[in-house]
Amino acid sequence: MMVHRQAPRGMRIDRDVRRLPWGGLILTTVLAALPLLPLAHGEPSGAALALASQAAVLIVFALSYDLLLGQTGLLSFGHAMYYGIGALAAARVANAWALSAPWLPVVGGAGAALVAVPAGWLSARRGGVTFAMVTLGLGELVATAASTVPEWFGGVGGVMIDRGAVPGWLGIDFGATRAAYGLVVVVALASCMLIAWLLRTPLVHVANAVRDNPRRAAFVGVDPSRVRWAMTVIAAFFAGVAGALSVVTFEIATADNASVATCATALIAVVIGGTGTFAGPILGAVVYVSIANGLASITRAWPMYVGLFFLLVVVLAPGGLIGAWLHRRVSPSLAGSRRARCALPRFSGRRMGRALAVLGMLAGGIAVIQSVYAWRFGDTGADISPGLHAANGWGIAVAGAVWMAVSAFALRGTTLRSPRRVATSLRSTHAAAAAMASTHASTAAMVSTYAATAATRPAVAKATASVIVAGAAANVPARAAGTAEQAKPIDPAPRVRPRHAPSGLALDVTLDDVHVSYRATSVLRGVHLHVRAGEIHALIGPNGAGKSTVFNVLSGVTQVDRGTVRLDARPIRRLAAHRIARLGVARGLQTPNLFTQLSVLDNVCCAMLCPRGAPLYRWLQPAAWRGLRERALDWLQVVGLGDEASARAAQLSYAQQRALELAMATASGARLLLLDEPTAGMSRAEAIEALALIRAMAAGRTLLLIEHDMGVVFDLADRISVLVDGVVIATGTPAQIRANPDVRDAYLGPARAL
């Protein structure tokens with residue numbers, strides 16, 4: 001039976017949807033206000049202001065990087081080029097036109113965004129490794145040009161500005177360090193507020209969908225490359241703002257601002273704090289600046305320790321520090337959401353032993369490296385005095401050696417697998433295998449005895465069978481009563497109709513002499529197929545006949561070599577997948593294909609938003625997304641998933657994921673549904689309920705489905721087409737297909753068909 005989990009007692013979906021994350025809001029406010037702490041105790045020192053300014057700049061830079069990595073799933077190795085270009089633009093404009101300091105961040109952001117328009121178009125056409133490599137190449141190109149072309153970055157010395165010579169604004173002279181620091185903090189807080197607002201817009205929600213499943217995003221009408229492009233330009237703007245703030249703080253723009261090392265700084269800060277969250281990059285930036293500056297005053301090998309801390313966070317808390325905190329604080333109703341996916345590992349047994357071994361090796365490496373630093377280069381903080389006088393280096397080296405010894409001693413008490421435990425495990429395994437073999441033997445004996453009884457005494461066998469059936473029937477109510485509190489059936493017939501049902505005419509589908517080849521292999525060889533508007537049409541055939549290729553052609557995944565494909569009277573032969581989806585085509589794959597890290601409600605919202613072709617300003621309005629959520633709840637109630645709206649799509653059962661796919665297709669206003677084996681993997685009861693739901697939701701739409709279950713096909717379809725070896729050999733009603741000898745020959749072979 002198609003079931004879903006009951007919502008936790010006392011939890012209502014409307015409250016979960018609209019509840020304000022006060023804990024996260026307070027934490028974020030505190031973190032954003034950390035750069036103000038040096039002003040809390042009288043007159044701060046220049047070093048304290050520089051440290052706080054550095055943290056504020058890195059906060060903005062890390063938040064801009066998270067727009068790519070955390071929100072869009074793009075790992076960029078060249079994001080620092082926007083930081084460097086923003087710094088260069090601000091320095092050049094300040095020197096050329098004596099522009100007031102408050103306008104420099106605007107200039108830096110605009111300059112970086114302007115460069116990101118062509119660079120983002122080039123890099124965002126593909127995601128994954130391709131995006132990372134293209135950004136690496138572009139970043140190195142800018143960094144190399146900055147070093148070799150003095151006219152750009154001023155050569156080795158960089159481009160310097162004088163804040164004292166820059167005109168003031170509103171009577172404020174930004175030549176003073178304290179005034180410049182105040183400007184940096186104000187601009188940083190304003191950037192944080194803008195990014196927090198941006199995270200609530202439909203654009204970022206769609207970017208999350210592209211991050212999770214670009215192929216599915218295209219099937220609901222999203223152009224993944226354009227979304228990546230838009231997010232790259234926005235992230236570049238804030239990176240340019242951060243670069244301009246660095247010029248205001250340090251009064252210089254150098255080629256190092258565009259280097260890969262600067263990009264790595266943002267990457268480390270984001271991963272340490274936690275990707276995909278607002279507070280994570282803020283916390284990561286503060287932690288990074290604190291650790292880096294604290295260790296730099298102790299040892300010259302401080303980058304090594306930052307790297308070790310980074311590795312520990314990645315291994316022990318993949319979701320970062322904020323992710324680990326949210327995992328401990330998250331409510332039960334959201335325990336499986338994207339925020340809680342970063343559970344801290346539980347150390348016991350072999351895992352504890354491995355952890356101790358790794359820590360011991362790291363401690364030994366630290367001891368060796370610090371010894372080399374102390375002996376060859378000296379490591380006494382700021383002073384360089386090689387030899388025995390490098391107290392800091394030798395002290396850290398000795399501490400590392402001691403920790404390695406402690407780890408080795410503790411490892412002896414945490415044996416990974418002792419021989420005695422292995423022997424005991426083997427004995428228990430042999431005993432279990434023997435018991436299982438005995439059980440199989442007993443079962444085989446019972447089966448053989450029952451078979452002999454059935455052959456010699458049919459009456460006794462019949463009586464025995466009736467007793468067995470009666471006993472099984474008696475156990476069914478008990479099992480059902482035991483699971484009634486944990487499962488509840490989904491009503492296959494919609495009990496409510498959505499208030500905002502999509503309107504439009506069903507599509508007429510025509511494939512005329514369609515040929516598709518993959519290199520030398522012909523898959524479709526002159527397919528002629530006509531699906532009438534509003535009918536339920538089944539496409540059947542043996543495996544490898546080309547059915548999925550027909551769906552790929554209709555959804556824009558595969559381009560045809562020859563032939564015509566039309567929806568109504570419009571040719572779609574050269575249209576991309578997202579453009580075909582916007583014409584009203586929705587596709588379901590053989591396995592559920594969802595945005596697994598998004599909530600059930602957000603899955604439907606993405607499907608409702610994207611096919612509408614809304615202008616860009618609508619994608620930047622948080623109110624538009626809130627309106628979609630209210631309408632999406634209606635569609636979830638239709639398919640019986642209203643109580644699962646706040647759950648992650650990956651948490652749903654297989655049948656529920658199929659129901660969610662159907663809700664997404666119908667909520668998008670689709671006029672043609674392409675369903676590929678919609679009942680595959682379901683039990684018979686689940687398949688019956690799924691068919692009732694499909695029939696109800698397909699009303700007023702054209703439905704083309706692929707299905708291998710002939711019972712489902714003959715019960716559901718109005719007409720059936722049979723595809724064999726890339727050619728449609730028959731089309732007709734279920735009765736005509738049953739009586740067609742060519743169909744029997746195709747499925748059974750000529751000899752068996754006789």
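Just so it is clear, glycine is given a Cβ too, placed from its N, Cα and C backbone atoms.
Per TrEMBL, these features apply:
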DOMAIN    509-750  domain 'ABC transporter'
TRANSMEM  20-40  transmembrane segment
TRANSMEM  46-68  transmembrane segment
TRANSMEM  80-97  transmembrane segment
TRANSMEM  103-122  transmembrane segment
TRANSMEM  179-199  transmembrane segment
TRANSMEM  229-253  transmembrane segment
TRANSMEM  265-291  transmembrane segment
TRANSMEM  303-326  transmembrane segment
TRANSMEM  355-373  transmembrane segment
TRANSMEM  393-411  transmembrane segment
Spatial neighbours of the transmembrane segment (80-97) not adjacent in sequence (6+ beyond its ends, CB under 8 Å) are 61, 64, 104-105, 107-112, 115-116, 119, 138-139, 142-143, 146, 152-153, 159-161, 166, 235-236, 239-244, 246-248, 252-253, 255, 257-263, 266
Cβ under 8 Å, sequence separation of at least 6 from the ends of the transmembrane segment (229-253): give me the contacting residues as numbers and ranges. 50, 53-54, 56-58, 60-61, 63-65, 67-68, 71-72, 74, 79-80, 82-91, 94, 101, 104-113, 115-117, 119-121, 123-124, 153-154, 158-163, 174, 180-181, 183-184, 187-188, 191, 194-195, 198, 203-204, 207, 616
Quick one: average pLDDT across the domain 'ABC transporter' (509-750), no decimals. 86
